[in-house]
Structure formats: C-alpha cells, structure tokens
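What TrEMBL says about this one:
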type	residues	note
DOMAIN	6-104	domain 'ASCH'
ACT_SITE	K21	active site, proton acceptor
ACT_SITE	T24	active site, nucleophile
ACT_SITE	E74	active site, proton donor
Amino acid sequence: MSLSKITFFERFEADILSGKKTITIRDEAEKDYAPNSVVQVSTYENDRWFCALKIQSVDAIAFSQLSEFHAQQENMTLPELKNVIQEIYPDVERLYVISYELIG
Ligand SMILES: CC(=O)Nc1ccn([C@@H]2O[C@H](CO)[C@@H](O)[C@H]2O)c(=O)n1
C-alpha cells in the first residue's frame, strides 16, 4: 500500500500553499508515495490538516547530487537546502525527491 498522508514542518506551510515549494526530499521511510495519488497534508507539530497534494513523481537522489534546481523547487538556496536536510536526516546519502501539485 502506498502512503496517503504526509507531514511538513509548520514553517513550510505558507510556501506550499502559495505554490513556491513544489518538492520535498525524504528518506527511505517516506518514499512509498504513488504517482497520481492524493495525500492529505498536516503539520508535524500539531497534526493540523492544511491541504491535499497530488503526487507527481518519486525519484531517488544522492545527497551529493542535490542541485540549484532542487533548491529552486524548495524556494531555498542550495546551501540552505543542504543544511535543512542534514538537520532532518543526518548522514543519509540515499534520498528521494517527491514532487507534487497542490489540489484545490
Ligand atoms: C515533518 C516530517 O515528518 N518530515 C519532514 C521532512 C522534510 N521536510 C521538508 O522537506 C524538504 C526537504 O527535506 C525541506 O523543505 C524539509 O524541511 C518537512 O517539512 N518535514
């Protein structure tokens, strides 16, 4: 079964709702999202629902392969993105880029 729910840190909510952030980068535990499926989105801190997303793709990527293109899609600079990922997933090389579109 594919995953049907995802959480984001509250600080990213505005960027997701405004369409500025169109990907998320996760580890092995959160790679099982099916393309074209709809997932419900809530905050990590309070589990407050704030939107639904349609998954477009899930692609493996090495931490060392992250580029400015990924950073742009996260609405960050590349150094900012690498810092964020290292805080959340210390020493994880194998990651997954999940791209999505906002629904309704
Ligand atoms: C709350 C939770 O369970 N996990 C995560 C994991 C990641 N992210 C964000 O995805 C991008 C790349 O990792 C960055 O923008 C991250 O801050 C998030 O918001 N929440």
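Keep in mind that glycine also has a Cβ here, set from the backbone N, Cα and C atoms.
Not measured: the values here are computed from a predicted model.
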Residues in the domain 'ASCH' (6-104) grouped by DSSP into helix, strand and remaining coil: 31 helix, 37 strand, 31 coil
Local Cβ density at the residue listed as 'active site, proton acceptor' - other Cβ atoms counted within 10 Å: 19
Spatial neighbours, same chain, of T24 (active site, nucleophile) - Cβ under 8 Å, 6+ residues apart: I6, F8, E74, V97, I98, Y100
